[in-house]
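Under the heading transmembrane segment, TrEMBL lists 12-38, 156-179. Residues annotated as domain 'HAMP' in TrEMBL: 180-232.
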Amino acid sequence: MAEVLTLSQRSLQARIVVVTALVAALAVVASAAAIYFVTERSLGEQAEDRLGRTADAVIGTAVSGGPPWVFSPAVSSRVAVVTSSGQLVAAAGAWGAPFDDPTAVTGWVNSADLAEGDTATTTVDGYLMLAKAAPSGEIVLAAEATARTASLLRKLLVGLTILGGIVTAFAILAGSAVARTGLRPIRRLTGAMRRVAVTDVLAPIPAVGHDEIARLTERYNEMLAALGQSRERQRALVSDAGAQLLTPLTALRTNLELLVSTSDPDGPELGDAERDSLAADVVGQIDHVSHLVTELVDRARLDETATR
C-alpha cells in the first residue's frame with residue numbers, strides 16, 4: 001500500500017503547487033459563491049418586481065370599475081383575489097397550484113396582516129406568490145413558477161463549476177512553472193553540494209543577484225572556504241606530525257632491533273651496563289614519542305576550536 005505523504009513531507013516544489021492550487025480553489029469557490037448568491041437574489045427581486053406590477057395591474061383594473069378578477073391580457077402570471085369576506089377568487093385558468101388549497105392561502109394572507117399597499121411573499125408548490133393589499137380591502141395574489149429561475153441557477157452553477165475547474169487547473173500549471181523557475185538556484189546549489197560530496201572538489205558557486213538564494217550561496221561559499229582552510233591545517237598538522245615523529249621513531253626502532261639482536265646467538269654481545277643503558281634509551285624515546293603525540297592531539301583540538 002502506497003504511503004500517503006503529508007504536506008510537510010513533500011518537496012518544496014510540490015508544497016508550492018499544492019498551496020497555489022488551494023489558494024486558487026478557495027478564491028474560485030468564494031467568487032463563484034458570491035456570483036451565485038448575488039444572481040439568485042437578483043432573479044428573486046426581478047420575479048418579485050414582476051409580481052408586484054401584476055398585482056398593481058389587477059388593482060388598477062378594480063379601481064377602474066371592472067371586476068378585480070378580470071385582468072388585462074398583458075398580465076400573464078397566475079392571479080387571484082382574497083375578498084374582504086375571506087373568499088379566494090381565482091382568474092380563469094388560474095385554479096391549481098398555488099391556489100389549489102384555498103384554506104392554506106387565506107390562512108397565510110390573514111397571518112400576514114397586510115395594510116393598504118403592503119406586500120408579502122412566500123413560496124408554495126414551486127411558485128413564488130406575492131400578496132398585496134388593495135385600497136378596497138381585498139388582497140391581490142400574483143404567483144409565478146420558480147422553475148425558470150431554478151433552471152437558470154442550475155446552468156449558472158454548472159458554468160461556474162466548469163470555469164472554476166479551468167481556473168484552478170491553470171493556477172496549478174502556473175504554480176508549477178513558477179516553482180520550477182524559483183527553485184532553479186536551489187537545485188544548482190544542491191547539485192554543487194552533491195559534487196563536493198562525490199568528487200571532494202571545493203569549487204565555489206557564483207552568487208547571482210541579492211536575494212535570499214544569493215545570500216545562501218554566499219554562505220555556502222564561505223563554508224567551502226572554511227572547509228578548505230581546515231583541510232590545509234589538517235595537511236600541515238599531518239606533515240608536521242610526520243616530521244616530528246620520524247626521528248624518535250627511527251631511533252626507537254634501531255634500539256629495539258639492537259635489543260632483539262642480542263638474544264640471537266650470532267648477534268652482538270652487550271654487557272649488563274650497556275643493556276641497561278639501551279633499555280633506558282628505549283623508555284626515554286617512548287616517553288618522547290608519547291609526549292609528541294599528546295602535543296599533536298592538543299594542537300588538533302585547538303585548530304578544531306578555532307575553526308568553530
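Cβ atoms here come from the backbone N, Cα and C positions, even for glycine.
Nobody curates TrEMBL annotations by hand; they come from automatic prediction.
Here the transmembrane segment (12-38) has long-range neighbours at 153, 156-157, 160-161, 163-164, 167-168, 171-172, 174-176, 178-180, 182-183, 186, meaning same-chain residues at least 6 beyond its ends whose C-beta is under 8 angstroms from one of its own. Looking only at the domain 'HAMP' (180-232), the predicted model's pLDDT averages out at 80.
For the domain 'HAMP' (180-232), residue counts in helix, strand and coil come to 41 helix, 0 strand, 12 coil, using DSSP.
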